[in-house]
Amino acid sequence: MNTKIGVLVMSYGTPQSLDQIEPYYTHIRRGNPPTAEQLKELKDRYEAIVGGVFPLRANTDNQVVALQDTLNRLNPYGDKEFVCYQGLKHASPFIEDGVEAMAGDGIKKAVGIVLAPHYSVMSIGGYIKRAEAKAAEAGIAMEFIRSYHLHPKLIEALAARVSKKLDLFEEAGAERSKVRVLFSAHSLPQKILEMGDPYQDQLMETSRAVAEATGVNSWQFTWQSAGRTAEPWLGPDILDTLRSLSQEQVEDVLVTPVGFVSDHLEVLYDLDIEAKGIAKELDMRLERIDSLNTDPLYMEALSDLVFQAEEKE
Ligand code: FEC
């Protein structure tokens, strides 16, 4: 009989209905409930994207299914089978539920991977810490993938999306070399820099690699989706960057959110509604690359990483 290797696929999590937004937001705020005003503002954003549906839910489900299929299709071992379990940071099934489900199925060895390519102690570090603690309690030996921001298949998948959209700009009459490619990612509090966190450097490395792979010279990196807290967050924010680009007479912008791998609020609202709205006011054309979602190359990249981690165990 084949040995079952567990794969804990971790992702941010999203509510499943409008009435779950409050507990979800409270969880993100480490148990502090949002004010009525903050809650309304978040509900309004979810309603604006798809009217009460939460795309990240189905997208994460699809990614987990696609990853399990890819793992078992490319499986280089004759005596092992890979079984994926979901573990979400801020919604059910939580990271701890995923580890418990593996233990319940008798899994003894597992690999943990996050559906986000760049390491920060405040993002991936947090996922791993929770999974490690629960795995130790459940008696599962786990190996973790901390980042994969330069995996060649990830870069290839992102580069293909950038090229496809640049072709569309050209077809619409724009000069390819004049389209400004704006790589973006979720901002984090500035204090991560004093902590020597690799997040910013990894994001720059991904951006540079995609620019090189696509022959793009006119590019820059910008932050997006900063939290609504009093402390300083990494900037410039994309909305300010768009205003500066307008002063530089840039007319065409291709947003490439390298820190996200799925369609969700931070892409569908922060970029497609908010950033596009500002671009319109500034008389700029703003497009964004399609999200990776279940892109086969992305699934292959994740599978390679799982196999490598499994060999280390
Ligand atoms: O579609 C959805 O339902 C969820 C979209 C979503 C993703 C996501 C990814 C990341 N976040 C990261 C860091 C922070 C920090 C705070 C924070 C707050 C929020 C709020 C919402 C939210 N995040 Fe998120 N994030 C998503 C959604 N995030 C909603 C709360 C309202 C707001 O501030 O907009 C601040 C927490 C605090 O108050 O202390 C920090 C990072 C990522 C990318 C890596 C990953 O996916 O884990 C980093 C998707």
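Numbering starts at 1 and runs along the chain as it is shown here.
Each residue, glycine too, has its Cβ placed from N, Cα and C.
Going through TYR85, TYR119, TYR127 against TrEMBL, the one listed in the Fe-coproporphyrin III site together with TYR12, ARG29, ARG45, TYR46 turns out to be TYR127.
Listed in sequence order, the binding-site residues among ARG45, TYR46, TYR127 whose CB lies under 6 angstroms from an atom of ligand 1 come out as none at all. Neighbours of GLU266 (Fe(2+) binding site), defined as other CB atoms within 10 A of its CB across all chains, total 20. Following the DSSP three-state reduction, the secondary structure of TYR46 (Fe-coproporphyrin III binding site) is helix. In the three-state DSSP reading, ARG29 (Fe-coproporphyrin III binding site) counts as coil.
All protein chains considered, the CB of ARG45 (Fe-coproporphyrin III binding site) has 17 other CB atoms within 10 Å.
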